[in-house]
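Remarks on the structure that follows.
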Amino acid sequence: MCCAVCGPEPGRIGEVTPLGPCPAQHRGGPLRPSELAQASVMAALCAVTAIISVVVPFAAGLALLGTVPTGLLAYRYRLRVLAAATVAAGMIAFLIAGLGGFMGVVHSAYIGGLTGIVKRRGRGTPTVVVSSLIGGFVFGAAMVGMLAAMVRLRHLIFKVMTANVDGIAATLARMHMQGAAADVKRYFAEGLQYWPWVLLGYFNIGIMIVSLIGWWALSRLLERMRGIPDVHKLDPPPGDDVDALIGPVPVRLDKVRFRYPRAGQDALREVSLDVRAGEHLAIIGANGSGKTTLMLILAGRAPTSGTVDRPGTVGLGKLGGTAVVLQHPESQVLGTRVADDVVWGLPLGTTADVGRLLSEVGLEALAERDTGSLSGGELQRLALAAALAREPAMLIADEVTTMVDQQGRDALLAVLSGLTQRHRTALVHITHYDNEADSADRTLSLSDSPDNTDMVHTAAMPAPVIGVDQPQHAPALELVGVGHEYASGTPWAKTALRDINFVVEQGDGVLIHGGNGSGKSTLAWIMAGLTIPTTGACLLDGRPTHEQVGAVALSFQAARLQLMRSRVDLEVASAAGFSASEQDRVAAALTVVGLDPALGARRIDQLSGGQMRRVVLAGLLARAPRALILDEPLAGLDAASQRGLLRLLEDLRRARGLTVVVVSHDFAGMEELCPRTLHLRDGVLESAAASEAGGMS
């Protein structure tokens, strides 16, 4: 979506405009980092469709899909963004699929660009038809001229076409259709006599039809995007895009509220706040209390009501402006090399002491490493280094320790400690953890109820129990010699798991504990049957789990990525495999996970983190799986939401005899749900002695 924020007065934030093309003031100048990122992504999509349409037999029609990403670029961005994407996609397609792939990209860029520009200018189908006919005539005339000049090439092409037609005629003759065979050869011979006119007609009609298909697809896509609330958009106000004074702090929020489009209630209730230069402010509150919404307002989004005063513009992502580090670093790390990512997006001519920044975040030894090989904690510290390279006056850290293990959390906190003194920046730290909030100069709580203000605490590592004695009950899952290697047989091969052996009994609760990069998620996907192990086997009732996908349900670490529908009832019905019209079954599924059935009519993007996890569980449990695997189920949840989710899972395990496997780097409060604990380190299950020694180190 493209949501522009308009505000004519420096230091004030204006109104949010509806979805549409990007503002006209961005038409000049070189490509900005956001435009370059969009061009890269869309170029990759266009190149993939063009390559598949050439190298896969009978897949030529897939080339039409390439008009959608190029059309979206033409609709939302400058023409030079589309040109950059076309050049990149064309080079990739040519290197892999030859001239056919290159021409597929060119056709997609032309047709997608045509439909996108027409859409952006508010014109309709007649304009598309006229424009495509003109374009078809130009393309056809160019092709006729080329073939007229290149006589030998023309004769070669016609010979190939004649051979194909003769083959078709011979096939028809064998089917006792001699008349049809003769007609095919006669009509083709007549067409060759008037080949310039046939070619012109072919290009005119063909491009018009493909343009109409692209127009329809782009219109459907934009219509669908309009129905998705713009929940976490970080577009800066237009004042930030000109040479205006950058001054994000001190900032004062006076009686600020925020409500997302089409929402029934405020996401952020009335709040007044001052953020002073050089201070460390912690923001705490329950899931759904508005912490992330407040972060968006501090980063430049306009409130629904109230005023936001600051001495200059927000300067989001600019030198001396505002920098934001989010809880999912994968979305912020764009460089392929660690050192490159630190300076990615900085203005030309800007110098940054990359070595000092990497040393500050503890990554000085990894400067030449591929960012794809970093652990979650290392990625988060890299994102922090890239933010600090902009020398921000205000740094916003939104739940940056949520997705990392205790070791990574300690490393991040060590970096954040004293950050305001080392860099003379204001630090706004949104967190659930008690020790993180305690280190702040001030703490702001967005929760009214005392029950929602308690913080997440850390706990001692539980004693490991990894014995594999004969089970008292029938085994639900059995892993025998499981090992897995990514990119096996290539120079980039990486071993994730080695010789994993254990049994999970029916109705058992097992915690698989390990740090970032230990192989926990790989093991979870193997147990769910979504990944086939390189060696060994994961068995359910004696059969490999990958042959019975769905019998073992998997809840992803990021619940939002598992929710594919727009509304709760549609999501639950789709995941469970029944019709959304069966509202009684939807209501029953929601009730099982402790949600009000009335929630079924709510949009997914209006849910809190805890509600999203429960909606995922509702859909999975409605399929009556033999076992349930949860990958980092407590990540991103406040203390109350964690307790509620754990109680729900404990009740389900006792009442249904449900087999539960939790994969997590957190273990606080897991004792009742998971009496048995396995420790995973570097892809290997550890013995009790080794695990205890590792925990003390």
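Glycine is treated like the rest: Cβ placed from N, Cα and C.
A quick note: this is a predicted structure, and the numbers were derived from the prediction, not measured.
As annotated by Swiss-Prot, ATP 1 binding site applies to Gly285, Ala286, Asn287, Gly288, Ser289, Gly290, Lys291, Thr292. What Swiss-Prot records for Gly514, Gly515, Asn516, Gly517, Ser518, Gly519, Lys520, Ser521 is ATP 2 binding site, and it gives sequence analysis as the kind of evidence. Annotation comment: Swiss-Prot describes 251-473 as domain 'ABC transporter 1', evidence class sequence analysis. Swiss-Prot lists 477-696 with the feature domain 'ABC transporter 2'. Annotation source Swiss-Prot lists transmembrane segment at 45-65, 86-106, 128-148, 198-218, 280-300, 522-542.
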Report, as numbers and ranges, which residues of the same chain sit near the transmembrane segment (45-65): CB under 8 Å and 6 or more residues beyond its ends.
85-86, 88-90, 92-93, 96-98, 100-102, 104-105, 107-109, 112, 210, 213-214, 217
Environment of Gly285, Ala286, Asn287, Gly288, Ser289, Gly290, Lys291, Thr292, the listed ATP 1 site - residues of the same chain whose CB lies within 8 A of the CB centroid:
Thr293, Leu446, Ser447, Ser608, Asp638
For the transmembrane segment (86-106), find every same-chain residue at least 6 residues outside the stretch whose CB is under 8 Å from a CB in it, and list them.
39-40, 42-44, 46-47, 49-51, 53-55, 63, 66, 70
To test your reading of the ATP 2 site: which residues beyond Gly514, Gly515, Asn516, Gly517, Ser518, Gly519, Lys520, Ser521, same chain only, put their Cβ within 8 Å of the Cβ centroid of those residues?
Ser375, Asp405, His665, Leu680
Name the secondary structure element type, per DSSP in three states, that contains Thr292 (ATP 1 binding site).
helix
Please give the average pLDDT for the domain 'ABC transporter 1' (251-473) in this predicted model.
81
What does the structure give for the C-alpha distance between Lys291 (ATP 1 binding site) and Ser521 (ATP 2 binding site)? Integer Å is fine.
28
